[in-house]
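The domain 'Major facilitator superfamily (MFS) profile' feature in TrEMBL is assigned to 3-386. The feature transmembrane segment is assigned by TrEMBL to 6-29, 133-151, 157-178, 212-233, 248-265, 277-295, 301-323, 335-355, 361-382.
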Amino acid sequence: MSPKLVFYVIQFLEGLGMGSFFPIYTPWLEFHGMNFLRMGVVNFFYHISTSVFDPFTGHIADKFGKRKTFIIGQIMWTSTQYIYGASTKMGGFFLAEGVAAVGHSLKSDALESWLQNRLGEVEASRVMGRSRMLFTVGQISTSILAGYISAVFGMKIAWFVSGTFFLIATVLGSVVLLKAGDDLAEYSEPDMNEPDASLKQIFSLAVKNRKIVGATSLIVAYSFASKPVFMYWPQIVKYLGMPEAERGWAILMIAIPTMFGGLLAGHNMLFTRNKRGLLRILTLLGIGMVISGSASQLSMFFLGLILIEVAYGSVNIVMYGHLFNEIHPRHRSTVNSMISATRTLGGAASLLIMGKLADVYSPQVTLTLGGMLVLLTTVFYVRSKT
């Protein structure tokens, strides 16, 4: 089965699952009496667990097969939707976050690394960019449904509907992926002459590579600054006057710009797959966050959100492409997962710091602060290289 077709099918199915999950996650925690700091603590546990597991699970994917690793991770991730729907106390939430962390670590970067090894950097980037359209179609359709179900039947029912969508995605995605073939099968012996290395050896090689370290530092800044957007947007649109039943429609302002960001990066337009592209992403993110953070009307908040989501849609494709030639095919999942782990740590730190600021001031203040921080980081980074 064609790697392109397999990736397109899985991204569409993933969109169905993520669309049903996205609008109800933080409102569910808020419904159970959590302030922004306590939400941050719950999600901090997930982020720290993920960052610890990521390098090991990436190494497992390289050693034992990216397809199998992805499928196991998808099964675990699906189970968390049902755990969350059945939970009413912190213990249940932490259990769900723990299982989700292991599942996400197993599937994170495995599919993209498999695709890059099968198709090469240029074609894989194009496929990743185009797949955002299918992801977006799935995401929009189920997010609108999730918002309606949450308002009419309650969030507990919405969680089980979300789990059902993820279950469908897991079953169908596993079937097509297993038919697609191994990612290293078509490599010739000269391409694969680098011996297997331990996790410690791969880490040592990565930290000595200035290109990998430089890109990772920018990704960490992106993660720290942007985390409040993805945690607090449901509460912000509520404060700005959007009814709960209409909240699912807000996903249009998230999914469609994300799709365009992916298409631009996939075709190496504007967000070129190099350091300059990463800097443009950070600049656009910062501007968008300042606009949304200072907005007093939904229209201005969504204007900033559009810029933020265009940056979000392009960042992974640009990062994967920028570092493609720096990573050996046998080590691709391991190194990509190490970068993801560092990125996750940036997000984890943001959850605690920004969570406290959101309680003391407001969620929008954290957006403005994050935007200013990422813009300053970009300026200092550029000036340090000139």
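Backbone N, Cα and C atoms are what each Cβ position is placed from, and that goes for glycine too.
Those TrEMBL annotations? Automatic predictions, nothing curated.
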Inset, instruction - Sort out the residues at least 6 away from either end of the transmembrane segment (335-355), same chain, that have Cβ-Cβ distances under 8 Å to it, and list them. - result: 36-41, 43-44, 47-48, 50-52, 54-55, 57-59, 61, 105, 108-109, 112-113, 202-203, 206, 212, 215-216, 219-225, 227-228, 231, 319-320, 323, 326-327, 366, 369-370
Legend entry - Among the ranges 157-178, 212-233, 361-382, the one whose Cβ pairs under 8 Å to the transmembrane segment (6-29) are most numerous: 157-178
Legend entry - Surrounding residues of the transmembrane segment (361-382) on its own chain - C-beta under 8 Å, 6+ positions past either end: 36, 217-218, 221-222, 224-229, 232, 235-236, 239, 279, 282-283, 285-295, 304, 350, 354
Inset, instruction - Across the whole of the domain 'Major facilitator superfamily (MFS) profile' (3-386), what does the mean pLDDT come to? Round it, please. - result: 86
